[in-house]
């Protein structure tokens, strides 16, 4: 083993570098991750700042924001995903060539953020497409986005070509594009995320090593495991939940109680 190492060091002194095909392939992909020009809300402002001279995204080979999904490797979901915008996000993702990656930037893209109890906000983009790296924050700083990019590069370095689906002659996988129906998001005519209700679909897990994930539509009559809410939440109907969210019930929002002085109001 030491003899092989000595031979490699001697060859490097002569300008000859020895490596494996897999490492060389991964090095090329990790060094030229081109993001899609795609922003949704305030997190997109921080994404724009990351591409400026102060943070110098070009050091990582990711400064080439492409205007077409056909030329992009990375989708940065930067901001709140509304249920009307969700079909467009999935459609853009399907148009990206494989291998393709997703960074969920900010609390809104990851779980709905402060708007998660809103009737029109998707509670995490991983309900519809797989996510490789999550960035917490509201909004995250450019340094956090750089750290996410470096994390993604490490994941790319660790990929094995014989395990990933997209290497070879296997067909690319397209994810179902939801339609905004009468009561919310629908896939193949089945309600998966009702307006004002709870998601009826489980999230995808990270595709770091190329395995396929869940994303199964769970039948409304069966017991569901909600990706955000706890399992004690019950539905009165497919469009309405019983009670309130656990965060509100346990006062996790830490909102101070508002006391009203009626006597003072009467004096006025």
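Placement of Cβ uses the backbone N, Cα and C atoms for every residue, glycine included.
Per Swiss-Prot, [4Fe-4S] cluster binding site is recorded for 42, 43, 108, 138, and the stated evidence type is sequence analysis. The secondary structure of residue 138 ([4Fe-4S] cluster binding site), as reduced to three states from DSSP, is coil rather than helix or strand.
What Swiss-Prot records for 247-268 is compositional bias 'Basic and acidic residues'.
The region 'Disordered' annotation in Swiss-Prot covers 237-268.
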Least buried by Cβ count (within 10 Å) of the binding-site residues 42, 43, 108: 42
Same chain, 6+ residues apart, C-beta under 8 Å of the C-beta of residue 138 ([4Fe-4S] cluster binding site), given in sequence order: 106, 107, 108, 113, 114
